[in-house]
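Trainee: Handing you a structure now.
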């Protein structure tokens, strides 16, 4: 009989079910515990332990000369790209010379982005960037070191059902490309939150903007801390030195080069990141006992799971929870989040925006699939001696680095390439956050909320000053993250609540023509409160030890040291409030659905918007065939004016 395992770590929390509100990417923080390395204690050097697994002893691996060359090469490349685009390569076209090419739509009069051509160049690349670099930057916007480390440990601990997230990613790509991107492209917004003022009211825009800024600030320490821990434990370099280098390098090239530096640096970093994980997968397969043996071992260890159609919403991974929850979360982020929309808007046409989205979708699905495969390689290696139980590591997110140093660490440069990939993922994610958040502060807070129209010089100082301040905040929050483990769960809950609520607001605007200001506001508030109630209620339930772990069985039979499986304490979950037992995959769709349903009903009860008064450009093109002809009057007038000018 398979019994679930409960592990009590030094933080005093029981690591079991997700914090539920955490996003699909932030696996590593869903147990509300300290990150690897210890807090106020000596760092855990899990790559130099002398414990043994099987017949092979863990060697004392450290960075060599080749590793440092590979790693520093990525740092130099990132910094050099920022200098090149910030100091040498300037756009030859001003924003007035740019003619948008929007298929199936009539061009609106071009507004001056952010009040000046210089700021448009800095924040949007004058809307003239290329498809491939932007697609790579889109990947960098989502994939971080947390994704790499968290996905592999998810497969090791819970099986391959999570692999279905790749299908959800492909489905959301279609939805985003044909439902949401066309609206932003036709309206030529600089910030996605401009749409909320066009469709509803400036207050809703301001609230969503502040939620975005808070969301990104809470995400900053995660981006920095995870790769810093990884490098610290293979190089011995002080954690705070590493964190400082990450932030300083990233702030430098973002400050100097703007979005062009960010996008082109992201392209290089994404390639390094993908190559590092792919190299681990290829070499790991070579040193393993063959692909057939790999999948046979996974099946025997109950990790090969693809058809779990259990309808229970309490099971961590099922076909339904991964597909529906994954689709909802990925769409909520990629459709309306400013970090993504800014890149769509940096391209000159809808066709190119869709092309970049297609590359992004396929690239991320492939990348996540490779990470899932590496998770199986890790299980194949440690199926008879679980590293966590054996004391080789103190946290599941250390599985992949441990596997790298034990399997391919003897190859010169391999550890350096792997850490360069993790480090590059951190730099790219951080630069995206810095660039997008500074744009929102200028466009949505200063110009939108406070109705201030700063000069070009003042705008430049504000944006670049915001980047510097955000860098300082990132370093400061890393210190908080070290000393307050409980902040992890709170931050991940807040980010998930913000993502679901904001997506619900945009979906109401684009897909519910009768939605009005009151309905949208009430729907957003109710959705956020419900998601927060479930999220934080679950946090307290997990901390109280009232939920069982859903981790699959592990073995310590082949550990050469005296290792025994810890005792588990099985608890009866029937007394736990049902919403607190939900799989984390359901929290986002519940929040989104609540915003849409409540917003739609309240709008109908409080003088719904007269659809005939709406501008068709504010509604997704998938609904245009159902709109009255009055919605297209402004478009017809634009056509007439265009013909008169010609």
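Count begins at 1; order follows the chain as displayed.
The backbone N, Cα and C atoms fix where each Cβ goes, and this holds for glycine too.
Heads up, TrEMBL stuff is auto-annotated, nobody curated it.
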Trainee: Pick from 37-57, 100-120, 268-288: which range has transmembrane segment per TrEMBL?
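Mentor: TrEMBL lists transmembrane segment for residues 268-288.
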Trainee: With the ranges 417-441, 542-566, 617-641 to choose from, which does TrEMBL describe as transmembrane segment?
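Mentor: Matching range for transmembrane segment: 417-441.
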Trainee: Same-chain Cβ contacts of the transmembrane segment (357-379) under 8 Å, 6 or more residues past its ends?
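Mentor: Beyond its ends, the transmembrane segment (357-379) has Cβ neighbours at 131-132, 135-136, 138-139, 142-143, 147-148, 151-156, 160, 162-163, 165-166, 169-170, 172-173, 176-177, 181, 270, 273-274, 277-278, 280-281, 284-285, 288, 294-295, 297-298, 301, 303, 334, 344, 399-400, 403, 407.
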Trainee: So which of 162-187, 268-288, 417-441 has the most C-beta pairs under 8 Å when paired with the transmembrane segment (131-150)?
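Mentor: It is 417-441, which has the most Cβ pairs under 8 Å.
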Trainee: Under 8 angstroms for C-beta pairs, at least 3 of them, ignoring pairs fewer than 6 apart in sequence. Is the transmembrane segment (268-288) in contact with the transmembrane segment (417-441) by that rule?
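Mentor: Answer yes, regions in contact.
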Trainee: When you check the transmembrane segment (162-187) against the transmembrane segment (417-441), do you get at least 3 Cβ pairs under 8 Å, counting only pairs 6 or more apart in sequence?
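Mentor: Not in contact, no.
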Trainee: Mind checking which residues reach the transmembrane segment (207-231)? Cβ under 8 Å, same chain, six or more beyond either end.
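Mentor: Beyond its ends, the transmembrane segment (207-231) has Cβ neighbours at 26, 28-29, 35-37, 71, 144-146, 149, 191, 193, 196, 237, 239, 242-243, 246-247, 337-339, 397, 401, 419, 422-423, 425-426, 429-430, 433, 436-437, 440-441, 444-445, 448-449, 470, 473-475, 477-478, 480-482, 491, 494-495, 498-499, 501-502, 505, 524.
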Trainee: State the residues, same chain only, that lie 6 or more residues beyond the ends of the transmembrane segment (518-536) and have a CB under 8 A from a CB inside it; answer 'none' if no residue qualifies.
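Mentor: Sequence-distant neighbours of the transmembrane segment (518-536): 19-21, 200, 203-204, 207, 490, 493, 496-497, 500-501, 504-505, 508-509, 579-580, 582, 587-588, 590-592, 594-606, 608.
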